[in-house]
Amino acid sequence: MQIQLPMFQNSRVVVVGDVMLDRYWYGATSRISPEAPVPVVKVEQLEDRPGGAANVALNIAALGSAAVILGVTGKDEAAQSLAARMESAGILADFQEHETLPTITKLRVISRHQQLIRMDFEESFAGVPQEQLEKKVAGQLAGAGALVLSDYGKGALRDPQAFIQLARSKQIPVLVDPKGSDFEKYRGATLITPNLSEFEAVVGHCTSEAELVQRGLKLVEELELEALLVTRSEQGMTLLRAGRSELHLPAQAKEVFDVTGAGDTVISVLAAALAAGSEMGQAVALANIAAGIVVGKLGTASVSAPELRRAVQQEQGAGRGAMTVEQLKVALDDARAHGEKIVFTNGCFDIIHAGHVGYLDQARKLGDRLVVAINSDASVSRLKGPARPINPLERRMAVLAGLEAVDWVTWYEDDTPERLLEILKPDILVKGGDYSKEQVVGWEIVEGYGGEVRALDFLDNCSTTAIVEKIRKDQVK
């Protein structure tokens, strides 16, 4: 399947469900408590992150889509923290505050990248009337491309049918991340996304692939769904639609570090992609790739559009690496259409050393994409002398293209990159070393079209020239 990334920035998604605050305490562990056989953690860092339905909204916003989050919280410090994080992420949050019940908070204590304990602070919101939340949702559906019901069984979605019927009456697709064994309450939804254990809790244990497909299709028919997506951990995910062949996608994760919030990522990417106009199979393929990214991160995390885009290109074996200027121009136009910021740097890069790697990592963090333009062999000889380059152009490009921080590598025949800057027009021009802006070649060009010029430090005591001289001296000895 050829996967296409949609224009996420053109979509708007409304999320309603059980919002939570994920709280992390990080610290060092070096001894066992004298009071009980448990480790003592010296807490060094505190962090709050949106969780539950709020994490779904955060994932949607990270992709570039407009996100709205609605749910029930307490009237407490945790609710204030959650609202502040929604605002800082550019998410419109409209919470129904309860006077006496607490905001659902999950506190995790982590040391040496391991979760030692989780403590939950919560009371069910099942007794809270839903009418106020329904009115809030109705007021936010105008212009929405999808509605997500993020059900964690905490009571905010006591009656999902009210939200499903409201959205479907406006021809807005409804995606449900379900909870519990009663899927009847999700009847009429566009898509539900149970994991395997949730699915089998409803249909019974499946002893074969054929049985899973058969029972899944029966569920699609009985609940009047358009589709059912069963997420199956290391076995990938399976999409089932009436009258269509099943679509099975293998798991993408190279290394599983933390599965916290992976289900949120799946439904977030699905909703944002469908809202942006993707076909269902395409949206599922994107969600599968995103899940593979997020389980490699620690804690409740999100996936950005550039991350997803790079992963798609790696999956399809295209879109990165060494390119001609003409090919690169097309790639940059496409990246800009997806709202990505382009960083550009240049140099000879004759012998790649630790200073180069650290510098390129810094440069990459300034934007979404990094272009490295290198001098041709003839250009290097003019600048460095007839004994250079040590490595020919093809080898220098191959090494740079293999670095994780580098998206694209190209070359130029001139002694300066000025003509290349006029063609590519990067957002940020970066140079390594202790330079003033006026000493960076091409700064007038970049600032002339509204770009930015930055100078970054190299790692101390790292120099290609010094390395070459040392090799020559060692040979003389």
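FYI, residue positions are counted from 1 along the chain as it appears here.
Backbone N, Cα and C define each Cβ position, glycine as well.
For reference, Swiss-Prot has these:
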REGION    1-318  region 'Ribokinase'
BINDING   ASN195, LEU196, SER197, GLU198  ATP binding site
ACT_SITE  ASP264  active site
REGION    344-477  region 'Cytidylyltransferase'
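Averaged across the region 'Ribokinase' (1-318), pLDDT in this predicted model comes to 91. The Cβ of GLU198 (ATP binding site) has 19 other Cβ atoms within 10 Å, all protein chains considered. Helix, strand and coil content of the region 'Cytidylyltransferase' (344-477), in residues and according to DSSP, is 57 helix, 26 strand, 51 coil.
A C-beta separation below 8 Å, combined with a sequence spacing of at least six in one chain, links ASN195 (ATP binding site) to VAL230, THR231, ARG232, SER233, GLY263. Other Cβ atoms within 10 Å of the Cβ of LEU196 (ATP binding site), summed over all protein chains shown, number 16.
In the three-state DSSP reading, the residue listed as 'active site' counts as helix.
Rounded to the nearest whole angstrom, the C-alpha distance between SER197 (ATP binding site) and ASP264 (active site) is 16. For the recorded positions SER197, ASP264, the greatest number of Cβ atoms within 10 Å around a candidate Cβ is found at ASP264. With respect to their backbone Cα atoms, ASP264 (active site) and GLU198 (ATP binding site) stand 15 Å from each other.
Taking the mean position of the Cβ atoms of ASN195, LEU196, SER197, GLU198 as the ATP site, the remaining residues of that chain whose Cβ falls within 8 Å of it are PRO194, PHE199, GLU200, ALA201, VAL230, THR231, ARG232.
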